[in-house]
Structures are given as C-alpha cells and as structure tokens.
Amino acid sequence: MKKIKDAGLNNIFKKRKNNSHKGNYGKVFILAGSEGMLGAGILCSRAALKVGAGLVYLGVPKSARDIVNIATPEAIIFGIDSIKDIPDSILASSAIAIGPGLGSRRKMCKELLLYLKGNNYKNPVILDADGINAFVNDLDILKSLGLDLIITPHPGELARLLSKPVEEIQTNREKITRETALGINCTVVLKGCQTVIADKNGKVFLNTTGNPGMATAGSGDVLCGMIAGIAAQGHDAINSAIAGVFLHGLAGDLAAKKYGEYGMISSNILETIPEAIKHVNKC
C-alpha cells in the first residue's frame, strides 16, 4: 500500500498554454440532484469547474432547470426526467459523473450505463451515492458493463453494494477496497478517515489529507465533481481518483484552518480548491 503525497500532482495541474481554449480542458456530463437535493448537483458541477474542466453539463429535473442555472451560471443545464431526455452529446463527454443526490431518479442509472456500454463509451465514468445504490442487488450488472468505472462509496454504501456489515468494511478497509476493485474491474475510492483507493489491478493507495470537519453534507458531492473534472482533462481513472482525493482533503484542511472543523461546510471546501491547487503546483 502506497501513501499519497503531493509530488505527483504537478503532472495533473500543468501550466496552461497561452493559446488554449475551453475545449482543450475537457467536457464533463453530470447527472445529479433531485427535489430536495438539488444542492448535490450544484456542488458537484462547481467542483468540476474549480479543478479546471473546460465545460460542464448538468442534468437535473426539468422543473428545477432554471433555478439551478441561476445557482451555477457557468454550467450548461439540461432538464432530464427520464433516459429519453439524455442528449446524444453525452457520448462526446470526456468524463461522466452519475449519482449525487439523485434520489428516486437513480432508476435511470442502469439504463444510462447500459446505453454507454452499447455505444462503446471509453472515457471515465464516476458513480457516486445513488449511482452506487442503484446497483444494490444488481452487482452482476455492474461487473458486466466493461466501462472505465470509478466508484466512490462511503462505508455504508459499499456495505449495501456488497451485502456486508458496515463493521466488516471498516475493519478491513484496505482488503475490501482491493477485492472490490478486482471483482468489479474498476477503480474504488472508499471514503473516510484516510480514504483508501484501489485500481483495477489491485494496487492500493492511502490518502494523507483531510480532517473530521469534512464529515459534513455535500462533501462527497464535491469530491465526485473534482474527480470527474480532473478525468475530463485527459487523465486516467486511477490518477484522477488519487489527485481528486488528495486535493479534496487538502482543500478541506485549508477550509478547517479558516473556519474550524465545527463551522466549515462543503461550500467552504469548494471555495478553497483553487488555493489547494496553487499549493501543490505553485502556479
């Protein structure tokens, strides 16, 4: 098991060329949010933008499209109530994130992933929260997709997915993360104190940033967006996961320094992402 340090992040956040444009920095499509949980999509989309993604498309309920557009003016908002509302342009995305705050809309997840499989989609797909919950009792479908998946469960979500007690997950975090990555053939990010990451080959990494103040609603939505935004810029699944997790924890540490572990919220993590990036590459 390898501990994650900041040295490798210089290769992720390289100095930008003067003559570049937004198309050079990737397109992220995010399916997130539902009635009462629209903030999940907003946090996720803004996090993808904050790590440098050139374009972000966010799919939310049709009834909420206009208000979400006001909250996230930099993103392009689609109203999506069923799989038929998914635009074909999703296939041109350089990364896709599915799940934050989806609630009952998670019924679209299987159809969407099967659609991506049927169209031979090759870029990273991040499954978070309800995107993972959609496959409880359907783990075989997840295994059969053949997509470049990154799943980002907290211990409870992984316990439900694997039909194991949470206590077993927490007692054997590294072992179960590795076994899950090998079993599903995906990258796994098991969130928590010292987040554990495993790649498709079973190589395990342990994060060294973060603090208890990050145990707050929306923190995982921010992480999902960060990983997607990094992946969209042409980085592979494991390096996107490692960079996203490390940077997320560092942004959380900066937020805790400013607001304290009790007072910080997920929006504070979001606002400190640029400072965290500057910290790791001095740009």
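The chain as shown is numbered from 1 upward.
Here the Cβ of each residue, glycine as well, is placed from N, Cα and C on the backbone.
Any TrEMBL annotation is an automated prediction that lacks curation.
If you look up TrEMBL, you'll see ALA40, GLY101, HIS154, ASP221 marked as (6S)-NADPHX binding site. A simple way to gauge crowding: the CB of ALA40 ((6S)-NADPHX binding site) has 30 other CB atoms within 10 angstroms, across all the protein chains here.
For CYS193 (AMP binding site), the count of additional Cβ atoms within 10 Å of its Cβ stands at 13 [all protein chains shown]. The AMP binding site annotation in TrEMBL covers LYS191, GLY192, CYS193, GLN194, THR195, GLY220.
Per TrEMBL, domain 'YjeF C-terminal' is recorded for 5-280. Taken together, the residues of the domain 'YjeF C-terminal' (5-280) have an average pLDDT of 97.
For the binding-site residues shown (GLN194, THR195), fewest C-beta neighbours within 10 angstroms: GLN194. The Cβ centroid of LYS191, GLY192, CYS193, GLN194, THR195, GLY220 marks the AMP site; residues of that chain outside this set whose Cβ lies within 8 Å of it are HIS154, LEU190, VAL196, ASN207, GLY210, given in sequence order.
Surrounding the centroid of the Cβ atoms of ALA40, GLY101, HIS154, ASP221, where the record places (6S)-NADPHX, the chain contributes additional residues within 8 Å, namely ALA32, MET37, LEU43, CYS44, GLY99, PRO100, ASP128, ALA129, ALA217, GLY218, GLY220, CYS224. When Cβ atoms from all protein chains are considered, those within 10 Å of GLY220 (AMP binding site) total 26, not counting its own. Ranked by how many other Cβ atoms sit within 10 Å of their Cβ, the binding-site residues GLY101, LYS191 place LYS191 at the bottom.
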